Amino acid sequence: MKKDAPKGSIISKLLDITQVKWFSRWLMIGFLCQSVLIGGGYATGRELVEFFMMNGLAEGLYGMVVSTVCFALVGILTFDYARKFRLYNYRSFFKSLLPGSTWLVFEAGYIFLVVLVGGILSSAAGTILQQWFGISYWVGVTVLLVGTSILLFAGGKVISTILSYWSFFLYAVMFIFLVATVRHFGMDGVFGSFIRDHGVATSSNWLMGGIKYTLYNMVSFLLVLYALQDIIKTRRDAVINGIVASILMMIPAFIEYLAMAPVFPAVLEESVPIFGILKGHLGGGVLLSAYVLMLFGTSIETITGFVHGLNERINSVYQEKGGEMSPKMRGVVGLAVLVVCFICAKAGLVALIARGYSFMAWYFLAVMVIPLATVGLMRLRGKEMPAVPDKFEEAKVHVEP
């Protein structure tokens with residue numbers, strides 16, 4: 001956007017949707033959360049099979065509703081706590097929430113998560129382009145590394161804008177995917193699947209599946225703290241944005257789930273269920289290409305969100321000393337982190353961490369959800385004086401009404 005573009009002009013709003021007041025106030029945070037979530041949350045469909053569909057088709061749907069509600073509750077608490085005590089990066093957030101230096105316990109888990117997600121998605125990016133478009137594996141990896149570094153160099157404002165626009169493309173592809181599925185299988189083939197007897201044993205674990213899925217992915221809320229400062233001013237803003245974010249985060253997941261329903265229970269054996277449906281049942285073609293393109297862009301989105309969260313944590317140290325992290329440094333740090341993630345993936349470290357991924361769900365329950373639901377809630381209700389999170393001015397105890 002040109003610097004001399006009149007504030008609020010039609011052109012400037014087309015170039016930067018975050019200038020549109022209703023969008024930035026009620027939808028942007030949700031789209032940012034969804035952008036961070038999708039890469040590890042439901043990009044291939046296998047995640048939905050593991051956490052939900054394995055318990056039964058209808059039961060999995062119940063579990064997804066549980067996840068949506070849990071996301072809303074965690075989102076509301078996170079946003080309101082960040083608003084009230086002005087905590088706009090995860091370092092400040094957990095220095096306020098956890099006693100002493102125990103905030104480093106969260107950071108250790110977060111770094112493991114960055115290595116896991118960054119390693120898996122950087123490797124997957126090369127595989128996606130190679131398998132579906134015949135493009136060299138290394139071209140895919142390079143484009144992802146460079147694209148992510150450029151976004152990180154551009155800073156939070158550009159990241160918010162790009163991620164918001166890409167979400168529109170994602171939703172368009174998802175809805176077209178659902179329409180194509182309904183046309184191919186029919187309404188009964190899609191929605192009737194939920195009331196038919198498939199001869200598959202169901203499980204009552206759908207409640208725990210929904211909770212665990214939330215625990216895996218709730219870190220998404222912490223990665224958008226940088227965007228809250230100018231948006232969430234009141235508790236009402238926090239509540240509405242928490243609810244809207246949870247819905248926007250899960251709508252694509254519900255669409256994918258409905259699209260997989262007609263091929264249940266065979267889909268349980270698919271390693272990449274969405275690609276199997278697109279190529280095996282819907283004929284591939286333009287829709288498959290659009291989905292692969294969306295998935296590749298989404299990988300950049302997700303990694304950008306995770307590394308930007310790390311950059312904001314580093315920047316908080318610069319701010320303590322009266323400085324600011326330069327755009328060049330942000331890009332360099334991002335590139336370095338991604339190279340390390342990719343090397344770890346190739347060395348087998350990511351596979352090792354992934355085996356302990358289930359443990360990490362309970363890890364984040366202990367270091368984030370329980371403190372937030374106890375200490376955080378008490379402080380929000382005014383029953384305890386807030387701890388001083390940081391030395392720099394913005395993070396001094398400043399309680400909003």
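Cβ coordinates are placed from backbone N, Cα and C, and glycine is handled just like the others.
Any TrEMBL annotation is an automated prediction that lacks curation.
According to TrEMBL, the protein carries these features:
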TRANSMEM  22-42  transmembrane segment
TRANSMEM  62-82  transmembrane segment
TRANSMEM  103-129  transmembrane segment
TRANSMEM  135-156  transmembrane segment
TRANSMEM  168-186  transmembrane segment
TRANSMEM  206-228  transmembrane segment
TRANSMEM  240-268  transmembrane segment
TRANSMEM  288-310  transmembrane segment
TRANSMEM  331-354  transmembrane segment
TRANSMEM  360-378  transmembrane segment
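Ranking 103-129, 135-156, 240-268, 288-310 by CB pairs under 8 A with the transmembrane segment (62-82) puts 240-268 at the top. Note: the stretches the transmembrane segment (168-186) and the transmembrane segment (360-378) are not in contact (fewer than 3 CB pairs below 8 A, sequence gap of 6 or more).
Tertiary neighbourhood of the transmembrane segment (360-378): same-chain residues 74, 77-78, 81, 94, 97-98, 105-106, 109, 112-113, 212, 215-216, 218-219, 222, 384, selected by CB-CB distance under 8 Å and a gap of 6+ residues from either end. Count of Cβ pairs under 8 Å against the transmembrane segment (206-228): among 103-129, 135-156, 240-268, 288-310, the largest is for 288-310. For the transmembrane segment (240-268), the list of distant contacts is 26-27, 29-31, 33-34, 37-38, 41-42, 45, 48-49, 52-54, 57, 60-61, 64, 67-69, 71-80, 167, 170-171, 174-175, 177-178, 181, 185, 189-191, 193-194, 198-200, 220-221, 231-232, 274, 276-277, 281: same-chain residues at least six beyond its ends, Cβ to Cβ under 8 Å.
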